[in-house]
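A.B. asks: Pulled the feature table from TrEMBL, pasting it below:
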type	residues	note
BINDING	Ser94, Asn145, Glu189, Asn196, Tyr220, Tyr272, Val290	substrate binding site
Amino acid sequence: MPFFKMNKQLIFAGLMIAFIINHGYSQTILNKQNIENALNDAFNKFKDLKEGKNADYIKELANVDPNIFGIALVTADGAVYTKGDITSMVSIQSISKVFTMAKVIEQEGSQFLQDKIGVNATGLPFNSIVAVEMHKGDKINPLVNPGAIATTSLIRGNDSIAKWKEIQKIQSDFAGRQLSINRPVYISEASDNLRNQAIAHLLLAYNRIYFDPVQATDLYTKQCALNVNVKDLAIMAATLANGGVNPVTKNKVVSQTTVMYTLPVMATAGLYDNSGIWLFNSGLPAKSGVGGGMLAICPGKFGIAVISPPLDESGNSLKAQKVIQYVVEKLKVNPYWIEPK
Ligand code: GLN
């Protein structure tokens, strides 16, 4: 074999070894095939799981079909992958808290959010009154009800109508289409949300709500009633995964800085009092809602969402947690999975 040819082979082999050492063969490549396989496997593995129960403290949610099951993954460059039911809509519920918080960070800055609301996790259920009382309305968290109602009250606008326009717009911009209210869910919750009203009034007593408490609660209830399908949720997640630019519409929705401050709040409080366990098992910032939706962000890579209404005790979709965790493991995208050099 001529020397130069042998040399070429040696160089090629050397490069391959260097590639394997650097990238590790065990890292899954995020291509179409691997993503589709992961979604298909997750769907088949969990489709018959019957644990959990629809939320019923909002009467209308008890009537939602518990068998709705859809998965969507949208990459940071806008490729959309789906499996199962992608047409059924559920109310977004607590997932909306993320995007209203992002809007306040975008408009007023991260320090403002930290001062006016707080960003430490309460470690308590999402509708806890004790969490407010414990710190006299100080240090509430934007991803549980008290902090979320107060965050809603900070949205700019002279009156409730102007504020609602802003809220609907930011949620819709993240989704890349105009979202509208699920009326029966809104009416059902609005006629029965004395607890959230109590929270808003308690915040007022501590000077920690920044608009009329009844109207702020109503705005919050409306935002929770926005209807979404699983693809909407995945695009919302992918917009965060892509540094604030919606990868499907290509519109800049919020700045990279806003995303940088949004994701840690999701990581520490996105699944309420179950957030630690979730982060331990997935490593990803995520958010759930009692409508049965859940989304998670793999920064720089993709957003993933699942809809399945039956919930665990903390109010998080049981199937969604299992599916996302499975996909994260399968694609090896837990950010704390580190290939040694
Ligand atoms: N609208 C619901 C409530 O205030 C949202 C709760 C949730 O999704 N965890 O109770």
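Count begins at 1; order follows the chain as displayed.
Glycine too: its Cβ is placed from the backbone N, Cα and C atoms.
Caution: TrEMBL annotation is automatic and unverified by curators.
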A.B. asks: What are the sequence-distant neighbours of Ser94 (substrate binding site), meaning same chain, six or more residues apart, C-beta distance under 8 angstroms?
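C.D. replies: Same-chain residues close to Ser94 (substrate binding site) (Cβ under 8 Å, separated by 6 or more) are Phe126, Leu143, Ala148, Cys224, Lys287, Ser288, Gly289, Val290, Gly315.
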A.B. asks: Report the largest Cα to Cα distance, in Å and rounded to a whole number, among the residues Ser94, Asn145, Glu189, Asn196, Tyr220, Tyr272, Val290 that the record lists as binding substrate.
C.D. replies: 20
A.B. asks: Tell me, if you would, which residue among Asn145, Asn196 (binding-site residues) has the fewest other CB atoms within 10 Å in the structure shown?
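C.D. replies: Lowest Cβ count within 10 Å among the binding-site residues (Asn145, Asn196) is Asn196.
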A.B. asks: Give the number of CB atoms, excluding that of Val290 (substrate binding site) itself, located within 10 Å of its CB.
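C.D. replies: Looking across every protein chain shown, the total is 26.
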A.B. asks: Please classify the secondary structure at Ser94 (substrate binding site) using three-state DSSP.
C.D. replies: helix
A.B. asks: So, three-state DSSP: helix, strand or coil for Tyr220 (substrate binding site)?
C.D. replies: helix
